[in-house]
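For reference, the structure is listed below as structure tokens.
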């Protein structure tokens with residue numbers, strides 16, 4: 001009996017080494033530890049040594065997953081295998097971007113869309129925006145992170161991206177003046193009168209709320225909870241006030257590029273379609289996403305632009321944590337209003 005047990009353990013170690021080597025090549029995941037005894041035993045106990053079981057166990061360990069039953073383990077494993085196949089088939093197409101395993105690899109597209117994406121309410125799209133071109137030589141490339149005014153990537157959880165896009169733009173303007181982070185939770189709790197709905201909304205309306213509210217509190221005094229609660233705004237904790245909200249003309253990437261290049265980061269919204277949730281690196285493009293105001297379902301922050309392998313791109317900060325994409329950022333093809341990136345763009349003018 002002891003000999004059989006030893007043989008089985010040696011088999012598991014050998015199989016694990018081979019499986020992880022192949023998985024690491026196609027889908028690198030920084031594991032907590034390389035030791036076989038670190039693999040989640042509950043998952044392997046249910047799945048045994050079936051194909052991709054070790055991959056899934058390592059994924060679960062890496063991203064701190066917790067499944068409440070054997071049925072849930074099997075369900076999530078099945079979804080994981082489907083997503084892994086989708087990633088590999090997409091990457092074989094030699095596109096300008098690649099996909100990879102991340103924290104969303106055990107979710108169906110429908111689950112992801114429900115939990116992470118919203119829908120446009122009253123988009124800031126306008127046929128005649130109020131952005132003004134100012135004198136200045138537009139930089140060939142721009143990355144506002146190099147100027148130290150882009151706050152760290154955060155994770156919105158299952159609540160609204162619009163709050164993080166809004167505070168990201170406000171923080172960039174605020175940091176140019178002072179240097180601090182601002183309260184997403186205040187927007188979730190307090191901005192409903194401006195056509196924002198707790199975990200759903202758009203930055204343009206949020207800027208209007210902050211303007212007429214008399215400011216937004218600092219993150220330190222009003223921290224993020226990720227669920228809608230009772231408004232707890234306190235005037236004495238205001239970090240920044242909005243003087244005006246500037247809207248980019250619908251689809252006008254020249255205006256957007258001018259604003260990002262010479263003013264500061266700009267809040268933008270676009271349509272996330274299947275596959276983007278598993279983005280890893282490169283310049284993203286899609287022939288299935290829309291560009292109209294009612295297509296957009298996710299708000300982010302454009303912090304720069306550049307060119308990669310001959311393809312112009314927007315450099316954009318997301319709010320799905322640093323484990324997603326390129327340390328929380330992604331690149332979107334520039335010049336085609338890809339997925340509506342210039343459809344609902346706006347930025348604030350602030351004062352302290």
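Cβ coordinates come from backbone N, Cα and C, glycine included.
According to Swiss-Prot, the features are:
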ACT_SITE  298  active site
ACT_SITE  318  active site
DISULFID  159-199  disulfide bond
DISULFID  190-231  disulfide bond
DISULFID  289-339  disulfide bond
CARBOHYD  122  N-linked glycosylation site
CARBOHYD  247  N-linked glycosylation site
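The disulfide-bonded residues in question are 190, 231, 289, 339, and the one with the fewest Cβ neighbours inside 10 Å is 231. With the fewest other C-beta atoms within 10 Å around its C-beta, 247 stands out among the recorded positions 247, 318. DSSP assigns residue 231 (disulfide bond) to coil in the three-state reduction, outside any helix or strand. Nearest Cα neighbour of residue 247 (N-linked glycosylation site) among the listed recorded positions (190, 231, 289, 318): 318. Close to residue 231 (disulfide bond), meaning Cα to Cα within 10 A, are none of the recorded positions out of 289, 298, 318, 339.
Taking 298, 318, 339 as the recorded positions under consideration, the smallest Cα distance to residue 190 (disulfide bond) is found for 298. Residue 289 (disulfide bond) and residue 298 (active site) are 12 Å apart (CA-CA, integer value). There are 25 other CB atoms within 10 A of the CB of residue 298 (active site), with all protein chains counted. Residue 190 (disulfide bond) falls within a helix when secondary structure is assigned with DSSP.
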